[in-house]
Amino acid sequence: MAKRPEDTRVVVGMSGGVDSSVAALLLKEQGYDVIGIFMKNWDDTDENGFCTATEDYEDVIKVCNQIGIPYYAVNFEKQYWEKVFQYFLDEYKAGRTPNPDVMCNKEIKFKAFLEHALSLGADYLATGHYARVDRTDGRVKMLRGLDENKDQTYFLNQLTEEQLSKVLFPIGQLQKSRVREIAKEAGLATAAKKDSTGICFIGERNFKTFLSQYLPAQPGDMRTMEGEFKGRHDGLMYYTIGQRHGLGIGGSGEPWFVVGKDLEKNILYVDQGFDNPLLFSDKITATNVSFVHKGVFGGEEELACTAKFRYRQADHEVTVRMTGTDEAEVVFKEPVRAVTPGQAVVFYKGEECLGGGTIDDVFKDGQQLWYV
């Protein structure tokens with residue numbers, strides 16, 4: 001028989017934001033033995049000695065005191081640097097556009113942090129993610145968050161059934177507006193705090209300035225695929241496929257977009273038109289492919305499902321075929337725009353998130369595209 005809530009210890013990963021605050025509050029109200037833990041993953045002290053993590057931790061302390069739960073801080077800076085930040089830099093060096101949130105969830109939050117929580121005698125780790133865990137039929141499934149606009153399964157695609165069996169998502173069945181209401185009704189210190197956006201370790205800083213501190217930029221030519229010179233770029237790492245802003249190409253006609261990169265020659269390829277054929281692909285190869293449930297193919301060679309190629313994008317019908325232990329070929333039913341190497345491809349069957357991988361090479365009509 002399952003343990004009673006009062007005999008069940010839950011560690012809540014608290015960021016100092018409203019979502020994790022409400023997650024902790026709901027668990028406490030349900031009678032669980034709740035501990036709030038703040039993870040420090042990045043030393044973001046700026047040149048004036050100000051560190052946003054300090055402010056966030058102060059908010060965690062306020063909320064935990066309001067709810068009446070103990071709180072701690074734990075430092076994962078070393079693991080974060082090695083597992084997330086180095087990967088982030090390596091991907092940019094390779095001309096790709098990485099997704100550090102996916103790697104942070106895989107290596108830090110639901111690995112290092114989960115292990116830490118279990119070592120404290122926790123039965124579960126809870127977070128403020130908009131996702132749901134379904135334990136109804138003897139299997140543990142991950143379902144999309146009910147708030148379509150906030151669903152975060154895209155970033156959780158690398159979680160395994162084993163990890164999910166130890167995880168709770170208390171706000172996954174709520175709309176964001178309701179989460180804010182609950183925080184307000186309870187008078188939580190974070191009720192009106194704005195959501196953090198962008199990459200956690202960059203924060204409000206300028207992306208180019210931040211990246212240039214770690215990777216030397218190599219400016220080069222911007223050209224059309226026919227070779228026509230269109231200007232200079234600041235460094236290939238600053239541009240992503242389908243990007244429109246920051247190209248600085250004047251003139252009349254349709255807007256210009258990034259349609260390709262040549263890492264060897266350091267050329268950024270550009271062309272006009274949002275629906276430019278050069279921006280569309282019909283197949284990818286993916287690496288680091290992992291599924292929540294091992295038997296997802298059910299003995300078949302191919303898996304028909306839908307996929308997202310970027311966060312908050314519509315689902316696209318695809319067929320997945322494994323080509324190695326963690327490598328796959330993904331064929332699209334219809335061409336998809338601006339599929340970007342380094343980003344996550346995430347697979348779904350209806351409400352269920354099946355797993356995902358990293359977009360590697362991109363193809364159109366059998367030809368590999370100049371996307372890296």
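Every residue, even glycine, has its Cβ placed from backbone N, Cα and C.
The annotation in Swiss-Prot ties GLY13, MET14, SER15, GLY16, GLY17, VAL18, ASP19, SER20, MET39 to ATP, and of the candidates under consideration, GLY128, GLY138, GLY145, the one tied to the same site is GLY128.
Candidate recorded positions: CYS104, HIS129, GLN343. Nearest to GLY17 (ATP binding site) by Cα distance: HIS129. The maximum pairwise C-alpha distance among GLY13, MET14, SER15, GLY16, GLY17, VAL18, ASP19, SER20, MET39, GLY128, the residues recorded as binding ATP, is 16 Å.
Comparing HIS129 (site 'Interaction with tRNA') with ASP19 (ATP binding site), their Cα atoms are 7 Å apart once rounded. Note on proximity: of the binding-site residues SER15, ASP19, MET39, the one nearest CYS104 (disulfide bond) is MET39, by Cα distance. In terms of local Cβ density within 10 Å, GLN343 ranks first among the recorded positions SER15, GLN343. The Cβ neighbour count for ASP19 (ATP binding site), using a 10 Å radius and every protein chain shown, is 24.
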